[in-house]
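The following features are taken from TrEMBL:
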type	residues	note
DOMAIN	9-190	domain 'Thiamine phosphate synthase/TenI'
BINDING	Q39, L40, R41, D42, K43, N71, S110, K139	4-amino-2-methyl-5-(diphosphooxymethyl)pyrimidine binding site
BINDING	D72, D91	Mg(2+) binding site
Amino acid sequence: MKCDVDWSVYVITDRRVVGGRDLLTAVRAAIQGGATVVQLRDKGATTRELLELGRALHQLTQAAGIPLIVNDRVDVALALDAEGVHVGDDDMPPALARALIGPQRLLGVSADSVAVARQAEQAGADYLGVGDVFGTTTKPDAGTPIGLEGLAAIARSVRIPVVGIGGVTLDNAAAVIQAGAAGVAVISAVLGAPDPAVAARTLRSRVRQALVEPSAKNLDEIQEERSP
């Protein structure tokens with residue numbers, strides 16, 4: 001699976017955005033709608049809770065033939081035999097994470113600058129989570145958004161896929177792809193939608209359309225298209 005991952009619709013779990021609904025039900029619907037990657041992220045959960053949720057999520061992702069990525073917790077990823085792990089600025093160094101998970105599992109690294117992106121690639125990252133592209137409400141400690149220009153600069157600087165994250169919606173996802181991303185990472189746009197399956201299906205359609213469109217556009221043209 002490592003060589004042929006479809007990064008187009010990368011869904012990240014967050015119990016807070018599903019309201020009173022069951023998280024697993026929402027994720028199942030998102031997968032049915034076309035989610036291509038699922039990341040288990042719950043900073044407030046205990047190890048036991050993460051393992052319990054992770055096992056249930058892995059059953060869903062394995063049945064769909066898509067990867068489960070575990071945020072931060074290499075130990076949980078290994079215990080679940082998940083397909084990969086994602087580390088951020090305050091998590092384990094990428095090189096150490098790679099050494100622990102081995103060469104076969106996926107390693108994702110958060111990047112908000114060209115320097116960080118290049119270092120992550122050299123450390124063995126398979127993909128980058130780049131952002132925040134836009135402002136986001138699901139990550140209170142998020143810094144200043146890097147914008148489409150920042151995303152484009154990072155995408156040009158590395159050879160591995162980049163996934164745009166942070167404030168991505170159904171309306172701006174295509175612009176993220178046009179700026180050089182291989183996919184978009186979302187939380188609220190899918191899991192917080194009234195119908196996650198419909199939201200995921202719509203997002204996948206828009207992302208895939210943007211992926212096959214000519215990529216010669218410059219950022220001025222992209223920004224002009226997004227302007228009212």
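Cβ atoms here come from the backbone N, Cα and C positions, even for glycine.
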Problem - Nearest-integer angstrom distance between the alpha carbons (Cα) of S110 (4-amino-2-methyl-5-(diphosphooxymethyl)pyrimidine binding site) and D91 (Mg(2+) binding site) - result: 10
Exercise for the section: Please name which of the binding-site residues listed here, Q39, D42, N71, is nearest in space to D91 (Mg(2+) binding site), Cα against Cα. Expected result: N71
Fill in the blank from the handout: Averaging pLDDT over all residues of the domain 'Thiamine phosphate synthase/TenI' (9-190) gives 96
Fill in the blank from the handout: Residues near D42 (4-amino-2-methyl-5-(diphosphooxymethyl)pyrimidine binding site) by Cβ (under 8 Å) yet at least 6 apart in sequence within the same chain, in sequence order, are T13, D14, R15, E49, L50, L53, N71
Practice task
Give me the Cα-Cα distance between R41 (4-amino-2-methyl-5-(diphosphooxymethyl)pyrimidine binding site) and D72 (Mg(2+) binding site), rounded to a whole Å.
Solution key: 8
Problem - Neighbour-count leader, CB within 10 A, binding-site residues: R41, K43 - result: R41
Problem - Per-residue Cβ crowding (10 Å cut-off), top of binding-site residues Q39, N71, S110 - result: Q39
Practice task
For each of the binding-site residues (D72, D91), count the other CB atoms lying within 10 A of its CB, then report the residue with the highest count.
Solution key: D72
Exercise for the section: Check N71 (4-amino-2-methyl-5-(diphosphooxymethyl)pyrimidine binding site) against DSSP and tell me helix, strand or coil, would you? Expected result: strand
Problem - Residue pair D72 (Mg(2+) binding site), K43 (4-amino-2-methyl-5-(diphosphooxymethyl)pyrimidine binding site) - Cα distance, angstrom, rounded - result: 9
